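Pulled from TrEMBL, these are the features on record:
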REGION    1-35  region 'Disordered'
COMPBIAS  21-35  compositional bias 'Basic residues'
DOMAIN    54-105  domain 'P-type ATPase N-terminal'
TRANSMEM  82-100  transmembrane segment
TRANSMEM  106-124  transmembrane segment
TRANSMEM  304-328  transmembrane segment
TRANSMEM  348-370  transmembrane segment
BINDING   Asp424, Lys425, Thr426, Glu695, Phe737, Lys761, Arg804, Thr884, Gly885, Asp886, Arg998, Lys1004, Asn1027, Asp1028  ATP binding site
ACT_SITE  Asp424  active site, 4-aspartylphosphate intermediate
BINDING   Asp424, Thr426, Asp1024, Asp1028  Mg(2+) binding site
COMPBIAS  486-496  compositional bias 'Polar residues'
REGION    486-532  region 'Disordered'
DOMAIN    1050-1295  domain 'P-type ATPase C-terminal'
TRANSMEM  1082-1102  transmembrane segment
TRANSMEM  1114-1134  transmembrane segment
TRANSMEM  1164-1187  transmembrane segment
TRANSMEM  1193-1214  transmembrane segment
TRANSMEM  1221-1241  transmembrane segment
TRANSMEM  1266-1285  transmembrane segment
Amino acid sequence: MVEAAESRGDVPPVQEEAKERKKKKRKKKESKTRTVRSNLLLPGLEAEKPKRGPLANNRLKTTKYTALSFLPKNLFEQFHRLANVYFVFIALLNFVPTVNAFQPELALAPVLFILAVTAIKDLWEDYSRYRSDKEINHMECLVYCRNEKKYISRYWKEVEVGDFVQLRCNEIIPADILLLSSSDPDGLCHIETANLDGETNLKQRQVLRRFLELDSEFDPLKFTSVIECEKPNNDLTRFRGYIIHTNGNRDGLYKENLLLRGCTIRNTEEVTGIVIYAGHETKALLNNSGPRYKRSKLERQMNIDVLWCVLILIVMCLFSAIGHGLWVWQFSEKKKPVFDVPGPDGNYLSPVLAAVYLFLTMIIVFQVLIPISLYVSIEIVKICQVYFIHQDKDLYDEETDSQLQCRALNITEDLGQIQYIFSDKTGTLTENKMVFRRCTVSGIEYSHDANAKRLAMYQEPDSEEEETAPKGVTLSQRDSICSHQSVKAVHRSQSTKSHRRTGSRAEAKRASILSKHTAFSSPMEKDITPDPNLLEKVNECARYLEVMRSHEQPLSQLSPELSDIFDFFIALTICNTVVVTSPNQPRQKVRVRFELKSPVKTIEDFIRRFTPSRLTAGSNSSSSSSLATSKSMHRFGSSLLSSTSTESTLLKLEEKLAYSVQMNNNGYSAQQEKRAIESGPEEGELRYEAESPDEAALVYAARAYNCTLVGRLSDQVSIELPHLGTLTFEVLHTLGFDSIRKRMSVVVRHPITDEINVYTKGADSVIMDLLLPCSSDDPRGKHQKKIESKTQNYLNLYAVDGLRTLCIAKRVLSKDEYACWLKNHLEAESCIENREELLFQSALHIEKNLHLLGATGIEDRLQEGVPETIANLHKAGLQIWVLTGDKQETAINIAYACKLLDHDEEIITLNAESPETCAILLEQCLHCVESKFSSNTIDNTSGDMRIGFASFCPPSSSAHSKLGLVIDGKTLAYALDKTLENRFLLLAKRCRSVLCCRSTPLQKSMVVKLVRDKLKAMTLAIGDGANDVSMIQVADVGVGISGPEGMQAVMASDFAVPRFRHLEKLLLVHGHWCYSRLANMVLYFFYKNAMFVALLFWYQFYCGFSGSSMIDQWYLIFFNLLFSSLPQLITGVLDKDVPAEVLISVPQLYKSGQNMEDYQPHMFWMNMIDALYQSLVCFFIPYFTFYDSNMDIFSLGTPITTIALFTIILHLAVETKTWTFFHWSSCIFSILLFFFVALVYNASCPTCYPPSNPYWTMEKLMGDPMFYLTCIISPVIALLPRFLYRTLQGTLFPTQRQLGCQLHRWPLGTCNHILSKLKIKKKSTPQKHSFAEPSMQNPTSNVNPCYKISFKTKAVATAKDPLVFFRRDNTLDLWPWSNSSDLLQ
């Protein structure tokens, strides 16, 4: 049937559905990828190209508006604010004749003014963006032209996807470009990403393998391949795709093949590539999200009070409407008042309908109650506050030439309400300058005492360098060469320009300055004094190797200790991703005689490489600056084998391997003597460009022992050894570091033994578990066990000294082991889905059965001022949590050094091996703590706790000053479980400081989110690296430190500071001021508007609730907008309730912001009551003064308005704490402006509003002495209660802030008395702490009690009789559960 149908041309429905599904799947797959072809294809080939959707051009456009779209688009954006919609509705309502209260055109003035001010601000910002865009779009680059058959200069904005771009050394990359050709003989290109992420170390990029093997120079006209890659995305760490060649072969594309826009070409004379992503589709621009906008806590509270104002407005309007309805109802049809005008039909309005109309009219009259200018005023004040924060010289760091950056403009006041600080350690609290301090090799410890003395007395010289380039020298962009010295000026200018598309100008300036220096290469880090004993053994090992080499003896004859020392320094030198550069010369590399220039990609490669070694001891002479490419990133390609071909190839493997065994048993190849020796580096020190300071420290340490890294290519690394010259190791694979494995490995082929070696370095917590099990019966096994035990003891000592520890290990792979692993590894690389997981498993398979070589201890010094900053933040009532990936002992020691933990407080240390033990341990600790600091209750019968998370109370009680909590990563993972998080949080809340060790980036964000959501507390997270980004984004306020780890943390933050110590002034001073100013300004706004509206409300009782106003509508409209707006803005920007010096010296004053003392919910109602009272005074004193007089309505309203203005300004004067010239000027200017406008307006308006008009009203009043008397008496009576309250309260019951404000005004004796009232002891001279101080080396060696509670049993514990290990001083006691309630007493 099917065949017949097919023969007739009919297709069964089932097959049609199958085809449709295939088409849909194909379309879905195509939608996830992008196809890129050359723009140089001939017209015939051009027609054959499938049509593609429009791709983004390279024009940068960050502007939001055009000349035509500005007005409608800006208004549309402004109307997203409900407040603007409300006021426009009120203004339009005033155009309805039945309900209007003012002249319709005049009622529009305030709304139009606010909209105009906002529009002008937006226009100016957009124009600034336009100028920046124009400057970038008109930068030039070389693009290949088909007609001219050469590269011609074009603007960046003219570059398109599919164009071929040629770049020279030190040029900035205009788009995301796939690297196809490089002047480097190994197809390498080096880029600097300082403009993108702030990192100044060089990154290596690799030409596609197939293009690297071309015999002739790359010709863009011959490029006919098709590129399939992923859609544009913002992931800087990933790029996936493949290139299809004309013959149908495919090669994989990875991030190592992609040059990102904004980066700078370094150490490479010339590169060529094809544009993959352009313009706004580039990864750099997709990552540029601009300033962050959050809603502050004060603003949320303010919105609630605005709703209360709306409710008050409705009540007042409803009351007036009812009053008007009753007033109209009392008149019969025949007794209507003469001023009540009938409608067009001659009928009067019914009382109900009149009340409805009056309700709408009163909304117009009382609209001022909702502060129209409040939101705009707050924006203006915040912008000014940010400006003054930026101008603070104390927040500038001269060393990095960086200052504070405010990336979120609308949460400045949140800085004054922070309750919890979550901090990273490395690079945040410490310098991130890793200095090699000590090491142990083969179980023997080398203390490096001379190096310790050097570090103790070390003072780093000034890093400023004089510019050596002669003045007047200009270099064009096209004639740039590779020399760092000759292009310094060009690079800085280009770097700064290019950075405007990815960040701020401040970041560009900082990146430009940092790029002059090599990261992690200060003299303190480089100049390492070797240990004499270890240096002697290294030299002895080198001499033995030289003798053995000359006599062709096998390396196995070397003693185990010397062999470990040799491998130890080999691992330090090559197990990294360090790039080697030379500052004094361009890269001119001479090819090494090397069989294969590509990493192991297939089984055939493996077989070819296992022929007798052709590896030489020579190396490239130049400082080949390359980052070791992670071989796990080289994925599938045309060389991949099918499963059948792989099996057939493996059958031939034994024959090839047998040939390699025929090598001389001494480990040397006969052909090794024929070396291609390259000249060593020319004069000038080699530079090491490292991704992390740890790597740089270890390479410098190896260099101190004459084991020098001199060159690195994608597939080889060259080191120079004493007595041996230069050895070149073939790099087969690099298994990069990740936060899960916590280690990195390199698979190399040894140039002497021709063995496959795996060198691994990583955290001791993982390396020690991966060691080859040793048999106790074997003498060598016993010896190795002893070495491992000694090494572990030394690691513990290093951790106690506050050193960062790394273990170094090695594994020798047999040919069969490597072949088996390689097969699985290649299969993992060829997978498209779950490739990362498969590669992770592949790394686990090879990183096992390791042989321990030794361990290192690296010192990371505290930043300047960190201990003092943390101590002051503690005094300010801030609870500080440090979340670090370091091991527990290291973290504890550093915590003592930086005063996070104090020697007179009790430390609870939580270590659990299972969720059950963690639950019991938490319950036990809570029981112990509650027995001493009883505030919450525990139900002993059921074992359940009644935990209530009330509003946060700052940790000022004795409980917080005596307890600290330390928890490791595994226990933290258990504690963050839903069933245990409440108990953990309750325990942590009782502690002054919390230290989380071995924590992952995910755990950091989970901890911040837990505290933020459960305790409803204000949280701040501060960090400097990419691993801190999630924590920074989760917190209420995120702070990034612009350190050597790059700009990822800064780009994700709300604020960026150069150093941790700057956090002290940012919070204690600027945070306090911003909160105090804005809180008082918001309350003052509500008071001022309520007071003015109440004046109109009282008048309604005398006009039949008709909606009439005794105040002229010009005064009514412009009172808030012009006459009373300037003083409050000046106060909101410049007022200082306490001087900066006092806020720093008395940190306890910061608690006022935590407790919201300036803006409590009841303060809104207190201000409303005060406004009600003042309005009564300001209305009825003039009313009774001019009672029974013949003055008109405006003659009564004008003095009321004048008195209200005086009262409002004097009210602000009572609340102002600091008076400056601007304060006085703004108040006087506002009063003079009011009188000037009133006089001019009254003199020039004889017939404005007949029959009543304001003509000559103010002029007549100013001739009446009663007017002046009323204007003096009324404000005094109105403000007398507030003034008396402030005076009596400040004298008899002063707050801490009021006492602190007096400190700088009184002599020393009075200040001491005030400090005693504040219960603050006189501060002693702060001392700086170093990890190496003897008093800091052992946190439990002090005379004060220090408790350690640990629980390390893997068995499931029961509540019957678990044991708690308590360490008190240096003794260890076992306590049964029943006695645990008395342990802390």
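Including glycine, each Cβ sits where the backbone N, Cα and C put it.
By the Cβ criterion (distance under 8 Å, sequence gap of 6 or more), the transmembrane segment (1193-1214) is not counted as touching the transmembrane segment (304-328), fewer than 3 such pairs being found. Taking the C-alpha positions, the distance from Gly885 (ATP binding site) to Asp1024 (Mg(2+) binding site) comes to 14 Å.
Farthest C-alpha pair in the ATP-binding residues Asp424, Lys425, Thr426, Glu695, Phe737, Lys761, Arg804, Thr884, Gly885, Asp886, Arg998, Lys1004, Asn1027, Asp1028: 25 Å apart. Residue density at Asp1024 (Mg(2+) binding site): 32 other Cβ atoms are found within 10 A of its Cβ, drawing on all protein chains shown. Within the chain carrying the transmembrane segment (82-100), a Cβ under 8 angstroms from the stretch's Cβ atoms is held by residues 107-108, 110-111, 114-115, 357, 360-361, 363-364, 367, 370, 372, 375, all 6 or more beyond its ends. For Asp1028 (Mg(2+) binding site), the number of other Cβ atoms no farther than 10 Å from its own Cβ, over all displayed protein chains, is 31. If you check the binding-site residues Asp424, Thr426, Phe737, Arg998 against Asp1024 (Mg(2+) binding site), the ones with a Cα inside 10 Å of its Cα are Asp424, Thr426. Neighbour list (Asp424 (ATP binding site), Cβ cut-off 8 Å, at least 6 residues apart, same chain): Val882, Leu883, Thr884, Lys1004, Ile1022, Gly1023, Asp1024, Gly1025, Asn1027, Asp1028, Met1031. Fewest other C-beta atoms within 10 Å: among the binding-site residues Thr426, Asn1027, that description fits Asn1027. Note on the domain 'P-type ATPase N-terminal' (54-105): DSSP counts are 23 helix, 0 strand, 29 coil.
For Arg804 (ATP binding site), the same-chain residues 6+ apart in sequence whose C-beta sits under 8 angstroms from its C-beta are Thr426, Met434, Asp694, Gly857, Ile858, Glu859, Asp860, Asp886, Thr890. Shown in sequence order, Ser765, Thr884, Gly885, Asp886, Lys887, Gln888, Asp968, Gly969, Lys970, Leu972 are the residues of the chain, 6+ apart in sequence, with a C-beta less than 8 angstroms from the C-beta of Arg998 (ATP binding site).
Annotation for Phe737 (ATP binding site): same-chain Cβ neighbours under 8 Å, separated by at least 6 residues, are Arg743, Met744, Gly762. All protein chains shown were included, and the count of other CB atoms within 10 Å of the CB of Gly885 (ATP binding site) stands at 22.
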